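Engineer: First the structure, then my questions, so here it is.
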Amino acid sequence: MGKDVEAAVEGGEFTAKDYTDPPPALLIDAEELTKWSLYRAVIAEFIATMLFLYITVATVIGYKHQSDPNVGGADAACSGVGILGIAWAFGGMIFILVYCTAGISGGHINPAVTFGLLLARKVSLIRALLYMIAQCLGAICGVGLVKGFQRAYYDRYGGGANELSSGYSRGTGLAAEIIGTFVLVYTVFSATDPKRNARDSHVPVLAPLPIGFAVFMVHLATIPITGTGINPARSLGAAVIYNNEKAWDDQWIFWVGPLIGAAIAAAYHQYVLRASAAKALASFRS
């Protein structure tokens with residue numbers, strides 16, 4: 001086990017750690033606007049979110065067409081990839097895209113993830129806002145590509161839009177989005193924690209893998225309830241292109257839920273698991 005004694009000892013000193021926490025990001029860092037690395041990261045977020053929505057929404061539309069009894073007959077229900085395949089599409093694409101973009105933008109691909117990292121002071125406010133704008137625009141473009149290539153089926157099969165399923169209350173849908181996003185953002189914090197990387201250095205840990213699996217598992221649980229949002233950009237992009245009244249009526253669930261879930265995950269990881277508040281208090285007392 002690595003060294004992890006962080007409580008104050010006599011004299012007010014702290015023992016050495018076997019890992020280094022990066023300093024908190026500045027809330028307003030105007031200097032970032034002069035750096036190409038910021039714009040490169042924003043472009044990476046736009047392209048990654050566009051690819052994510054194109055592949056996943058195309059998978060949803062394709063499955064609904066293949067399982068349509070008016071097209072495939074009596075056995076249509078057994079055709080296509082099914083809910084399991086859709087969950088794999090979302091989780092697999094997140095794994096691929098986080099792996100590809102982690103070294104450039106951090107591989108957020110989700111405004112809720114960006115919001116959680118902003119609250120934990122991992123990114124600046126300027127970077128967070130630009131990321132969210134890029135993610136939403138990328139999602140709109142990605143779904144637009146699906147409609148352009150599958151126009152005959154897009155509107156017929158719901159456009160891949162997130163809507164609250166019949167039989168579920170809005171409170172249930174909101175709770176599903178909060179819990180699902182909590183699982184995702186909690187996994188992001190855990191998979192990228194420098195303390196974990198130091199302790200588990202003898203075990204190769206590929207951060208995109210648990211993040212992709214978290215998305216996969218959450219989809220299995222919540223597709224029947226809300227179609228699984230946990231990503232406001234994904235829900236907004238589909239709603240903008242599909243432009244259906246029901247999708248817009250339920251849209252608030254897919255923003256409020258994920259943002260609350262991300263905030264809870266950030267607070268839990270930073271102030272409970274990492275004990276940031278306790279460390280600050282111990283330092284002040286010393």
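Just so it is clear, glycine is given a Cβ too, placed from its N, Cα and C backbone atoms.
In case it helps, TrEMBL gives these features for our protein:
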type     : residues : note
TRANSMEM : 42-63    : transmembrane segment
TRANSMEM : 83-104   : transmembrane segment
TRANSMEM : 125-146  : transmembrane segment
TRANSMEM : 173-191  : transmembrane segment
TRANSMEM : 203-225  : transmembrane segment
TRANSMEM : 252-273  : transmembrane segment
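So where do these features actually land, and what's packed around them?
Structural biologist: Same-chain residues lying 6 or more positions outside the transmembrane segment (42-63) and placing a CB less than 8 Å from one of its CB atoms are 80-82, 85-86, 89-90, 93-94, 97, 100-101, 104-105, 107-109, 130-131, 134-139, 141-143, 145-146, 149-150, 153-154, 157, 159-160, 233-234, 237-238.
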Engineer: Taking contact to mean 3 or more CB pairs closer than 8 A (sequence separation of 6 or more), are the transmembrane segment (203-225) and the transmembrane segment (173-191) in contact?
Structural biologist: yes
Engineer: Tally Cβ pairs under 8 Å between the transmembrane segment (173-191) and each listed stretch (83-104, 125-146, 252-273), then give the stretch with the top tally.
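Structural biologist: Result: 252-273.
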